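Undergrad: Grabbed the feature section from TrEMBL, which reads as follows:
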type     : residues : note
DOMAIN   : 62-231   : domain 'Glycosyltransferase RgtA/B/C/D-like'
TRANSMEM : 5-23     : transmembrane segment
TRANSMEM : 82-100   : transmembrane segment
TRANSMEM : 112-130  : transmembrane segment
TRANSMEM : 136-152  : transmembrane segment
TRANSMEM : 164-184  : transmembrane segment
TRANSMEM : 190-205  : transmembrane segment
TRANSMEM : 266-289  : transmembrane segment
TRANSMEM : 301-319  : transmembrane segment
TRANSMEM : 325-343  : transmembrane segment
TRANSMEM : 355-378  : transmembrane segment
TRANSMEM : 409-427  : transmembrane segment
TRANSMEM : 434-454  : transmembrane segment
Amino acid sequence: MNQKLFYSLLFTAVGILLFIPFLGGVRLFDWDEINFAECSREMVVLGDYVRVHIDFKPFYEKPPFFFWCQSLMMNIFGTNEFAARLPNAICGIISLVYLYNLGAKLHGHRFGLIWALTYLGSVTPHLYFRSGIIDPFFNLFIFIGLVNLIFASWKREGTASSTLIPRSVWGYLFVGGFILGMGINTKGPVAYLIVCLTLGVYWVLSRFRWFITPVQFLFYSVSATLISVAWYGLETFLQGPIFITEFIKYNFRLFSTPDAGHSGFLGYHFVILLVGCFPASIFALRAFAPLMIERNYQREFRKWMLILFWVVLILFSIVQSKIVHYSSMCYFPLTYMATLTLTQLEANKIRFNNWFRAGLIGIGGVYVLATIGLPILAHRMDLVKSFADQDAFTQANLDAKINWTGWEVIPGVWLFIVLTLSLIWFSQRQTERAIVALFGGMAVFITLTLWFFIGRIEGISQDAAMRFFEKAQGQDVYVKSYGYRSYGPFFYTQKPAVTNPKYYDENWLLRGKIDKDVWFIKKNVETHTVLDSLPDIQKTGEENGFVFYLRRHQP
């Protein structure tokens, strides 16, 4: 069997084994996971796969590609968490295979193996493939689109041989543009913006050398619009320009204000990448310094990856809304840089020094302490509550009855062993063994942590609310969150299509002549609200910071 085919199948099997089992083992998380799954569920309910809806009203914040993927899975596997997360698991498998083959093409078989393993064994890149958010597909489409444009420029300038890049310039431009267009259909034109900014910076740093001609760039751009215009054009033809105008307003709000309270300091994304992309981030830092790289096209690709990394990091550091996954496009260049360092460690071109040790021990130690300390602290919840935020909602969350058995320390103990062995083998220059132990061990650690912790975290943060919503399934009632935003009242009630437009009027639900019972839920941050003052609204319960109310329909 061909070597590349064998290892492609191997990474496919590893991806299936790690990403797919237990995808539906815990509920989706409010907001993003439930928001996106609900958009997809409403596609299925309405039978409308052209327009995106939330709460059965047009939703202007995202294009439909990811929702098409989720709704396809829901049609096959049912409306559940497994179907909502399966598209990203598939994306993860595709990503591992692509990184292996790209790395093998650029630097050889060993590099491809390490790059895929580095991505698999870093915390947030791995986690995203087991989630129900949009970004994994979005990032992959941007990256493939950019890589094909890089290959087109190499073909034009003769930077690499025809054996390495066998297609024509126009072939690479068309494929790259078309796949970038898929990214535009996934999360919007910011995909095109990221590529254009990367090209612009490269052009300036190359002293305004025309690595592709204006005509070729125009062809690339037209290729990107082919698939994107197919939907944006159809939406505009059917509904007018409202999606485009509202989408622009939404993105401007994200850029200019900390939307929905997602604020942060200027270095927010640097910290997120350093800690979240552990352990790849520790090795990537060394690759920002000069390295001995033999071939010109390899040096060029490193330059492209550095530019892509800084473009994304700076762009989303400027954006006022700070959300973890905004900088996730950095995962591809960051893991590439880490792989450069790791292969140079293998070749003894650089040494495993105290900076590497400090990084692995420092950040790895945080993960070890967290995963060992949390189960211990869970038995001293009085102590935890004294250090936690003192607002009523957080304190009530921590009152959730969670079964902590003590076995939850296993991931932390496992990681301690992995880090210890890796540090010993790196120090003894058994680098190949150390790399497999570290990144393979981290992939297992992430899986163990999800098994032992994610359900308990969900139990503390939202379980009471979601059980309240689930009780409404199959009942002819309205369910409304009051004073806070949640998508749980839509997805976890399996809400049918709205037939009475008065439902959207909160005042009607509170005071009007309703046509069926209304269930309200609020957080306990306010002790006296309209829900507590209206005589025909009854408080029915309270649990873990959520307060439940009922207004009965009077015939």
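Yeah, the Cβs are placed from backbone N, Cα and C, and that goes for glycine too.
Any TrEMBL annotation is an automated prediction that lacks curation.
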Undergrad: Do at least three CB pairs under 8 A connect the transmembrane segment (355-378) and the transmembrane segment (82-100), leaving out pairs fewer than 6 apart in sequence?
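TA: These two segments do not touch.
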Undergrad: So are the transmembrane segment (355-378) and the transmembrane segment (434-454) touching or not, going by 3+ C-beta pairs under 8 A with a sequence gap of 6 or more?
TA: yes
Undergrad: If we call contact 3 or more Cβ pairs under 8 Å (sequence gap 6 or more), are the transmembrane segment (112-130) and the transmembrane segment (266-289) touching?
TA: yes
Undergrad: If you count every Cβ pair below 8 Å, which range out of 5-23, 136-152, 190-205, 266-289, 434-454 shares the most with the transmembrane segment (301-319)?
TA: 190-205
